[in-house]
There are 2 protein chains.
Amino acid sequence: MSLLDVLTQYRKDPSLAAGPASLLPDAETLDQSDPLRHKRDEFLLPAQSVYLDGNSLGPMPVAARQRAQAVLDQQWGEDLICSWNKHSWIDLPQTVGDKIAPLLGAAPGQVICCDSVSINLFKVLSAALGLNPGRRKIVSQRDNFPTDLYVVQGLQQLLGDAQRELEVLPEEEIEGALDDQVAVLLLTQVNFRSGYAHDIARLTRAAQAHGALVIWDLAHSTGVMPLELDQWNVDFAVGCGYKYLNGGPGAPAFVYAALRHHAALRQPVAGWMGHQSPFEFSPEYTPAGDIRQFLAGTPPILSMSVLDAALDVYRDVDIRQVKQKALDLADYFAARMMEFPSLQSLELATPLAHIERGAQLAYVHPQAFAICQCLIAEGVIADFRAPNILRFGFSPLYLSFRDLDKALERFAVIMKEELYALPEFNVRKKVT
Amino acid sequence: MSLLDVLTQYRKDPSLAAGPASLLPDAETLDQSDPLRHKRDEFLLPAQSVYLDGNSLGPMPVAARQRAQAVLDQQWGEDLICSWNKHSWIDLPQTVGDKIAPLLGAAPGQVICCDSVSINLFKVLSAALGLNPGRRKIVSQRDNFPTDLYVVQGLQQLLGDAQRELEVLPEEEIEGALDDQVAVLLLTQVNFRSGYAHDIARLTRAAQAHGALVIWDLAHSTGVMPLELDQWNVDFAVGCGYKYLNGGPGAPAFVYAALRHHAALRQPVAGWMGHQSPFEFSPEYTPAGDIRQFLAGTPPILSMSVLDAALDVYRDVDIRQVKQKALDLADYFAARMMEFPSLQSLELATPLAHIERGAQLAYVHPQAFAICQCLIAEGVIADFRAPNILRFGFSPLYLSFRDLDKALERFAVIMKEELYALPEFNVRKKVT
């Protein structure tokens, strides 16, 4: 019986979960048969906590720490400006892009590391609209990550509201809204709140059947969801370096642009690093003919180097195993939660079908904010998303099933004793 | 007799420089009376080199090294996601902005640290055009740093060529070209090649007298030129964190936007960090009412933290003393160069008047590239700008006059022995 089967049975008949005999294998057994268990040694994990927020900020890989040291002491400290050549700083955006490519199912030369997800969305959205002239509609999802919608609104305002129309729809109405007016379908694969995962292949086909281009935001996918962007014929994608890729706080993001668009596209944030020959210092902008045309200014070398090193954690990993373990961890967590009476007030908001899920679970509770603060104080690092969502991320390269037991035991006490009601856990913070 | 006086006399009568008696004070005496000499201890400098390229990438301050360590070990490594509150990561763009503000002559709340110069130019140019509707002309300088021109071209292309016209003029024709058609005057104060410095106050007044807005690129100014952006009534400015501010390779850049524009402006690269209430995750973009509206995505915390710490070097420094020392270093260098017969083939391309100069000197030589490579091999770190410019930067917080003697002695040997003609110094590199 798979972990999902147990979870499904528990949900069908909660008395099974409440009973004395657990249907779940014990955590130690699961850890022993985990093919990824050796990867944990490649991370520097906080001593006392169980870290269930790798979907927001991944922990530090050992290799990243070492690289940071080398960039500081040798590269910046000693070789200074010569490092642009000597340590290949100039190639970093492409080097990192080519390391991310296999995680996306992308042939080399189609991914580049640069800037932030927001800025990269602005670039690819402008480029996609330029490739689809005469169409005015951009379709997206009402509860997309807000920055995706803000980027559309910012561009709309710049181009004049009359020229572009943003249609934001509930999840279930998107496919039906695709028609021959649509220029671009802009979606995030895994919903940041609910953890629901779109079927990229199907929606891409549907949009392209109407002549639309697609842009996928893979912030909550990259490094944990098996992706086949080339095979699925995706046009553009963007994603994040600091979540499952463990590239450090605010690590640079990336752009995927299908090779077939490289010659015709034009992205508007033109800067010297995207020029065909940046060191000719020509006054006329001639974009690089390849993926480098998405570069603008000088990249933050320290942050990008750390991401480069962090990506080496993936060198010997099969991404399908990563996804499977993420699902197993989540299934175990959700099923085991049902065995604690005090945790029954939390309502799961993530679909159960594996095909419809990312690597996180969302639970709804009216006191979600205070519960999250209390969990953190007790060393269970989760996060809160307004108005009432408690998110748990299951990043598989360093989490064990025993970690989840430890987290759930603390969680159960917090709920049983209502510790979250203490005033200290009910003070709003700047970042929630 | 000032160092400039010596230089002027030498240029009037080169036989004085060629004669046996130097008119220059010796370097040791100059170092002893240097009010900034104690600042050198705050930097980790390369052991064997004389670093004359701080105008391209500043060296590592001790404090920056320490901060990087703390961000790695404690903040990212241990406190992870909680650092957004606990270590005030969320405030970093403003914290750093407010540290840069005094160097710009800007009251607090008008400067924010984010993204790259190129991207920030895109934001402020769009904003400025939006504030000056009905006008179509953007005036800039033909030999402006290319990225400044590329940003205009990128925006032009996005908006449709017919809507905006870019007029790029030689330096001396700019002021005469300002008329009532001009929407924006976009200039870099210190020319990246020649080192010529514009008079910001005068050109700002001239542009505004015609109803134009001004944008100043302060990449080669910030941290070394005394600036009074508020007093000069500048509209917008951008600048760089990794040159004189020593924030590390590709350190984030900054935006200055005069308070009077905050309510009406709209910059198009809308992202969640620029929202009035980012953690409400509202689907509608409402820009922050203050300088934070220039933020887009999540900032690179590691790189930005290092810049934050590097700025503390300026805490007890009078920027007028910094500029004076930069000029003194350059005058000493240029005058002393004239005393070496083998260095007479290099032609100075930077104006002598202190008011018309930044902190760098440009020398023209047909073999500038090879000479630069050879200088670097001999531990004199300068840089080359196509087609024939050798640049020397005089960043005053860590350079001594004795450093310049050391550099010039090596330089003189290189030119006398024509060492630069060796094949190894004539191989083009990716980054020149």
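Each Cβ is built from the backbone N, Cα and C atoms, and glycine gets one as well.
TrEMBL names A:Phe145, A:Pro146, A:Thr147, A:Asp148, A:Thr188, A:Asp217, A:His220, A:Tyr242, A:Trp272, A:Thr298 for binding pyridoxal 5'-phosphate. Of A:Ser116, A:Ser118, A:Ser126, the residue it gives for the same site is A:Ser118.
Within the set A:Ser118, A:Phe145, A:Pro146, A:Thr147, A:Asp148, A:Thr188, A:Asp217, A:His220, A:Tyr242, A:Trp272, A:Thr298 that the record links to pyridoxal 5'-phosphate, no two Cα atoms are more than 30 Å apart, and one pair reaches that distance. Under DSSP, A:Asp148 (pyridoxal 5'-phosphate binding site) is assigned to a helix (H, G or I) in the three-state scheme.
Ranking the binding-site residues A:Pro146, A:Asp148 by the number of CB atoms within 10 A of their own CB puts A:Asp148 at the top. Those recorded positions from the list A:Ser118, A:Pro146, A:Asp217, A:Tyr242, A:Lys243, A:Thr298 that have a Cβ under 8 Å from chain B Cβ atoms: A:Ser118, A:Pro146, A:Tyr242, A:Thr298.
Cβ neighbour count for A:Lys243 (N6-(pyridoxal phosphate)lysine): 25 (other Cβ atoms within 10 Å of its Cβ, all protein chains included).
Looking at A:Ser118 (pyridoxal 5'-phosphate binding site) and A:Lys243 (N6-(pyridoxal phosphate)lysine), their Cα atoms lie 15 Å from each other.
The distance from the Cα of A:Thr298 (pyridoxal 5'-phosphate binding site) to the Cα of A:Lys243 (N6-(pyridoxal phosphate)lysine) comes to 23 Å.
Mapped onto three states, the DSSP output places A:Asp217 (pyridoxal 5'-phosphate binding site) in strand.
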